[in-house]
Amino acid sequence: MRLFVGLGNPGSKYEGNRHNIGFMVVDEIARRHGFSPWRRRFQGETSEGVLGGERVVLLKPATYMNESGRAVQEAAKFFKLGESEVVVFHDEIELPPAKMRVKVGGGIAGHNGLRSISAHLGNEYRRVRLGVGHPGVKEIVHIHVLNDFAKSERPWVAALCETVAEHAELLVSGKDSQFQNRVHLAMDAKGFATENNGGKD
C-alpha cells in the first residue's frame, strides 16, 4: 500500500495557485484511474484506488500548507505506513516550469509543507518535485507561489499533471528513475522543454 500526498491550500481562493500543483496532480490521478469519490478524513480529503496492482490512498491535507504534516502523520499512522511508503507531490521553485524530479529525503529548500511533514513523519519519504520556476528575487517567492498560474502556463501545467498521473504506477513499484524518464520523454513529445540541465537538486 502507498500513501500519495498532494500539497496545497484548501478553498477556491487558492485553487489555481502555483503552491497547489500537488493538489492538481492527485486530482488528476484520481480522475484518470477511476479512484473513489473524495471524502473528508485525516484532517483532509482522501480518495482510494489501485495502481499497478497496489492499493493507493490519495490525500489532500485541509490543514493549510504549514500544517500538512499533521494530516500526513494521522493517515500514515492509521494505515501503519513507514516513510518510504509515502510519496509527496509538491511545487518546487528551484526547478524551472514544467520540469519534474523525484527525490528521497534531503533538505526542504524552505518549503513549509515539507518542513511540517518532516517534523511529523521523518525525512525519508519520497518527493515528486514539480517545477514552478523562481521569480528571481527571494523576497517575492511567497507572492509567486500564492499567485495563480498565468494563462500562458496552463498548457504545460495540464500536460505535467496528466503525464505524472499516466505514469504514477511506476512510483508505486519504486521505479523512480523510470518514472522520471517517462515523464521527461512524454513532456518533450508534447512540446515542453524539460531537458535535464536546470534546477538545483
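Just so you know, glycine gets a Cβ as well, placed from its N, Cα and C.
According to Swiss-Prot, the protein has these features:
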- Asn9: site 'Discriminates between blocked and unblocked aminoacyl-tRNA' (SITE)
- Tyr14, Tyr64, Asn66, Asn112: tRNA binding site (BINDING)
- His19: active site, proton acceptor (ACT_SITE)
- Asp91: site 'Stabilizes the basic form of H active site to accept a proton' (SITE)
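Everything Swiss-Prot records as a feature, shown here on the structure.
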residue : record                                                               : contacts (Cβ under 8 Å, 6+ apart)
Asn9    : site 'Discriminates between blocked and unblocked aminoacyl-tRNA'    : Asn17, His19, Asn20, Tyr64, Met65
Tyr14   : tRNA binding site                                                    : Gly8, Asn20, Leu146
Asn66   : tRNA binding site                                                    : Asn112, Gly113, Arg115, Ser116
Asp91   : site 'Stabilizes the basic form of H active site to accept a proton' : Leu7, Arg18, His19, Asn20, Ile21, Gly22, His111, Leu130, Val132, Val145
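Residues Tyr14, Tyr64, Asn66, Asn112 make up the record's tRNA site, and a Cβ search at 8 Å around their centroid adds Asn9, His19, Thr63, Met65, Glu67, Ser68, Gly113 from the same chain. DSSP assigns Asn9 (site 'Discriminates between blocked and unblocked aminoacyl-tRNA') to coil, not to a helix or a strand. Tyr64 (tRNA binding site) carries neither a helix nor a strand DSSP state and counts as coil.
Tyr64 (tRNA binding site): 15 other CB atoms within 10 A of its CB, across all protein chains.
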